[in-house]
Every structure is written in structure tokens, then in C-alpha cells.
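Notes follow the structure.
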Amino acid sequence: MEAVMRKTATLFEKDLKDVVKNPTMLVCCLLPLGFIAFFSKVMGGNVEGAEAQHAFDATMLSYALLFTCTMVSTMATITAIAEEKEKHTLRTLMLANVGPEQILLSRGLVALIAIAVVDAACYLVLGQPLTGLPAFLAIGVVGSIPFVLISLLLGLAARDQMSAGLLSMPILLVGIAPMYSQFIDGFSNIAPYLPTGGMDKLGTLLADGALFTPEAVLPAVGMLVWIVVAAVAFAIIYKRLSRDN
């Protein structure tokens with residue numbers, strides 16, 4: 001057990017450094033922050049009135065959660081694993097008696113930490129009260145777990161970085177789908193049931209100061225249900241992928 005923990009810790013340290021050293025992963029982490037900074041400065045200057053400003057802040061918080069969840073958990077994770085497969089790094093690690101579960105655990109933890117850091121940066125850029133930061137981070141990290149699990153599987157399924165990019169696009173579009181509610185009539189009735197629907201709603205409730213009210217129960221339950229669904233899918237599909245690879 002001690003040897004396993006030591007190997008996992010070493011992998012975790014390596015993967016954490018890769019976030020900064022790997023240009024693709026770094027860009028994926030910086031993009032959500034760049035979008036939020038751009039929208040808040042360009043669009044925020046045209047907002048007039050306290051009520052309009054509050055609605056704008058709630059929208060920006062929601063966008064921050066959605067952008068960070070999808071871009072960091074999918075694009076960065078899938079591409080990173082695909083790159084390691086392409087360079088035969090995964091095979092080398094396995095020949096060194098490093099289990100695939102350790103590799104995936106390390107990648108998953110690094111993805112969640114990166115999500116927390118980017119979410120925190122977006123929250124601070126928006127100038128929101130620090131008292132709400134812990135709840136915002138909890139929503140962002142927990143809500144991203146299904147996407148991290150699916151991204152790990154897609155990373156294993158991808159043959160190279162090009163196919164990884166193609167696989168990440170559908171997940172990206174599904175992840176930001178709650179944003180479509182503002183542009184497509186009737187889509188707001190579907191959005192709460194999407195994988196990021198609960199996270200989106202909880203972010204809005206946080207901005208409204210109503211996070212710890214009965215209204216937050218259904219979005220929280222929906223978010224947990226998607227975590228269970230993703231975990232079950234991960235367990236089933238991982239066995240098949242591990243046999244194929």
C-alpha cells in the first residue's frame with residue numbers, strides 16, 4: 001500500500017507540473033478566465049441599475065462554472081491522456097508497474113484541482129464577495145465530477161491528440177448547453193435535467209443569496225444523480241477499454 005501511495009503521489013506531482021508545462025492544457029485552463037474577464041469588462045460596462053447588475057453577475061457566475069467545467073475537465077484531460085498514449089508514456093508507466101487506476105486517479109485529481117483554481121480566479125475577477133467563494137468552489141468541483149470521469153474514458157479511447165479534440169467537442173457542447181436557455185425558446189425546460197443543469201442553477205441561486213433554501217434541493221439532487229450515472233458508466237466502460245488497450 002505504501003508503494004502504491006508513493007507512486008500515485010509521484011504521478012500526481014508530474015501531472016500537476018504538466019498543467020503549466022503543456023501548452024494545450026495551460027490554454028484550456030486560461031480560456032475560461034479570459035472569456036469571463038472579457039465579458040465582464042466589455043458587457044458589464046453597459047449594465048445600468050442595481051437589478052440589471054445583479055442579473056448580469058448571476059449570468060457571469062453561471063458562465064464561469066460552465067466554461068471551466070467543460071474546457072478544463074474535457075479538453076485538457078482528454079488531450080493530456082491522448083498525448084501520453086501517442087508518446088507511449090502510458091505504456092512506459094505500466095511497464096514500470098504503475099497501475100492504470102493510479103494514472104487515472106492522478107489525472108482526475110489534477111483536473112479537479114485545476115477546475116477549483118480557475119473557478120476561484122473567475123470568481124475574483126467578477127468581484128464577488130469572498131464569503132461566497134467556498135460555496136462557489138464546491139459547486140464547481142462537485143458539478144464537474146461527471147465530466148472528469150467521462151473525459152478520462154474518452155482520453156483512453158482517443159488514438160491521438162487529433163481524435164481527442166474531436167471527441168471533446170460533443171462533450172463541450174453538452175456542457176455549456178444551459179447557456180442556450182437565453183437564446184432558444186423552451187430550452188429552459190430541458191436545461192435543469194442536463195449534466196451541468198444542476199450546477200448552473202446552484203450558481204444562480206448562490207448569486208441570488210438563496211443557495212441554502214429548499215429551491216436548491218432539486219438541482220443538488222440532479223447533480224448527484226449525474227455523478228452516480230457517470231460513475232456507473234465509468235466502471236462499466238473502463239473494463240472494456242482496459243481489455244481493448
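Each residue, glycine too, has its Cβ placed from N, Cα and C.
Look at TrEMBL and you will find 59-197 tagged as domain 'ABC-2 type transporter transmembrane'. For the domain 'ABC-2 type transporter transmembrane' (59-197), the DSSP counts in helix, strand and coil order read 117 helix, 0 strand, 22 coil.
Annotation source TrEMBL lists transmembrane segment at 60-82 (among others). Counting same-chain residues at least six beyond the ends of the transmembrane segment (60-82), those with a Cβ under 8 angstroms from any Cβ of the stretch are 15, 18-19, 22, 24-25, 28-29, 31-32, 35-36, 39-40, 44, 90, 107-108, 111, 114-115, 118-119, 122-123, 126, 128, 136, 139-140, 143-144, 147-148, 150-152, 154-156, 158-161, 163-165, 167-168, 171-172, 175-176, 178-179, 196, 199-200, 203-204, 206-207.
Here TrEMBL flags 103-126 (among others) as transmembrane segment.
According to TrEMBL, the feature transmembrane segment maps to 132-157 (among others).
Residues annotated as transmembrane segment in TrEMBL: 164-184 (among others). Cβ atoms under 8 Å from those of the transmembrane segment (164-184) belong to residues 59, 62-63, 66-67, 69-71, 74-75, 78-79, 81-83, 147, 150-151, 154-155, 157-158, 191, 194-197, 200 of the same chain, restricted to positions at least 6 beyond its ends.
The transmembrane segment feature in TrEMBL is assigned to 216-238 (among others).
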